[in-house]
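Visitor: Take a look at this one; I'll ask things after.
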Amino acid sequence: GGVGKSALTIQLIQNHFVDEYDPTIEDSYRQQVVIDGETCLLDILDTAGQEEYSAMRDQYMRTGEGFLLVFAVNNAKSFEDISAYREQIKRVKDAEEVPMVLVGNKCDLPTRAVDMSQAREVARQYGIPFVETSAKTRMGVDDGFYTLVREIKKDKMKKGNSSRRGRSGRKQLKCSIL
């Protein structure tokens with residue numbers, strides 16, 4: 001908890017930074033965006049980082065199509081926890097490859113506990129993109145979410161599935177933030 005998952009989501013949806021920390025249980029957001037010339041409806045599930053809500057994790061991992069694995073650059077433990085989240089997602093989805101993006105948040109802070117070259121190396125080992133973000137300055141926020149959408153689309157093309165299309169013909173994509 002406290003890595004800035006909600007702040008990233010609110011920055012994407014409402015274009016402002018939430019300073020106070022109010023632990024999330026679960027919040028859901030919808031946002032229509034145009035990515036690579038295509039209109040997509042993002043279904044974003046902002047999840048609980050607190051350990052006491054870990055029982056809910058399997059459920060939202062089952063329904064999510066792609067995942068932002070968020071750690072705070074000033075919190076080494078949050079980075080170390082990423083591996084367990086990734087393994088849990090793969091287990092729940094019963095798949096070796098699931099669309100994910102590693103996100104290093106709070107990049108505006110001068111003090112870092114996580115070396116970005118280390119984060120890039122972990123992302124490379126996992127075969128997933130890495131994006132540096134700051135919910136405070138909005139740096140990389142769109143990039144993080146849009147990169148995940150591209151990963152979901154790539155995965156669907158590989159599997160030969162076309163996205164579910166809503167009544168309006170927009171693609172609907174379910175993203176979860178861990």
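Using N, Cα and C of the backbone, Cβ positions are placed for all residues, glycine too.
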Visitor: For the motif 'Effector region' entry in Swiss-Prot, name the matching range from 21-29, 30-38, 75-83.
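Guide: Comparing 21-29, 30-38, 75-83 with Swiss-Prot, motif 'Effector region' matches 21-29.
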Visitor: V3 (GTP binding site) has how many other Cβ neighbours within 10 Å of its own Cβ?
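Guide: 26, counting other Cβ atoms within 10 Å of V3 (GTP binding site).
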Visitor: Give the helix, strand or coil assignment DSSP yields for G1 (GTP binding site).
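Guide: Looking at the DSSP assignment, G1 (GTP binding site) belongs to neither helix nor strand, so coil.
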Visitor: Which secondary structure state does DSSP assign to D108 (GTP binding site), in the simple three-class scheme?
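Guide: SS state of D108 (GTP binding site) = coil.
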Visitor: To see if you understand the setup: which same-chain residues, six or more apart in sequence, place their Cβ under 8 Å from that of K106 (GTP binding site)?
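Guide: Once residues fewer than 6 apart are set aside, K106 (GTP binding site) is near V3, G4, A72, V73, N74, S134, A135, K136.
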